[in-house]
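Inspection log for the structure reproduced underneath, given as structure tokens.
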Amino acid sequence: MVLLTSCLTSPDGMMLTRLKAKSERKVAKQLCKVVLDHFEKEYSRELGDAWHTVRDILTSPSCWQYAVLLNRFNYPFELEKDLHLKGYHSLFQGSLPYYPKSMKCYLSRTPHRMPSERHQIGNLKKYYLLNAASLLPVLALELRDGEKVLDLCAGPGGKSIALLQCAYPGYLHCNEYDSLRLRWLRQTLESFIPQPLVNVIKVSELDGREMGDAQRDTFDKVLVDAPCSNDRSWLFSSDSQNAACRISQRRNLPLLQIELLRSAIKALRPGGLLVYSTCTLSKAENQDVISEVLNSYSNIMPVDIKEMARTCSQDFTFAPTGQECGLLVIPDKGKAWGPMYVAKLKKSWTS
């Protein structure tokens, strides 16, 4: 185990130096003005004064933070000790209604980033770096041992890994339609999950909109981490022409997201829970999508998750959504997590 204290002389230390240089290059990379102007108009209207702080953080990669999710299948005890010494603290120090003891995630109050571990066949990684807000949809799903779970848009695999830190599902179906993200998903699972557990995981490359007809009333829990306007990456699109094309196509994303949710609802068994998430601030892709689904189905009920916001306010900043079933994490000073929208729904026994 290589400790952070030895990073200046270790191979991981050299990797950290390279990562720092890469981060500095990213900071220096010019913002995409086409995207920033578009976001400026939309988000200043939707978020009001909060947008100014959010914009300052989103446009400054040096402020971005990365949480360290420890892998319970190859637990790094020495690293955990060193994180404590470095001033990291455990996520969710408050008492969430559902928080498995098996999930351990550590945060730094400052934008310090650990080096990523290399993928090595046959060796499990000890930790996964992620935006801490990514864990909220996973925790909202309340996974229990033995349940059948569908991760409908699973690539590159971070939330699938997080789900498996929470419980041992009886069956986990990880689906990803995009071929590049599918390769990342397979490699991520191979890097973090031991072979016995891999045997209860199925990976597929279906169009998520077809999953409901193929697997009707099958799953206890379904996660729809939908394709969306990725605000962080879009702001640093190097090709302004491509960025303009993305923005013009952005209006079509809510339709795709609604179709994915309709498919997920079909795949969910009566009494099951569904969580929808995105990494965008866009109301059209978040609250409006959920409102459309709730207005279209008599057997889909909103699940109140306001308590999650109250419990997690120490580590996250939330913007009002007007929905009891929906939360929106916005980047804030000292809490540079998000954007992340999370909504929780339940399928009733009567249609």
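Yeah, the Cβs are placed from backbone N, Cα and C, and that goes for glycine too.
Residues or ranges marked as domain 'SAM-dependent MTase RsmB/NOP-type' by TrEMBL: 58-348.
Other C-beta atoms found within 10 angstroms of the C-beta of ASP207 (S-adenosyl-L-methionine binding site) number 12, with every protein chain shown included. The S-adenosyl-L-methionine binding site feature in TrEMBL is assigned to CYS153, ALA154, GLY155, PRO156, GLY157, GLY158, LYS159, GLU176, ASP207, ASP225.
Among the features that TrEMBL reports, active site, nucleophile is placed at CYS279. CYS279 (active site, nucleophile): 21 other CB atoms within 10 A of its CB, across all protein chains.
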Rounded to the nearest Å, what's the C-alpha distance separating CYS279 (active site, nucleophile) and GLY157 (S-adenosyl-L-methionine binding site)? Just drop the number here, would you?
-> 15
Roughly where does the domain 'SAM-dependent MTase RsmB/NOP-type' (58-348) sit in mean pLDDT, to the nearest integer?
-> 94
Please state how far apart, in Å and to a whole number, the two most distant Cα atoms are among CYS153, ALA154, GLY155, PRO156, GLY157, GLY158, LYS159, GLU176, ASP207, ASP225, the recorded S-adenosyl-L-methionine-binding residues.
-> 20
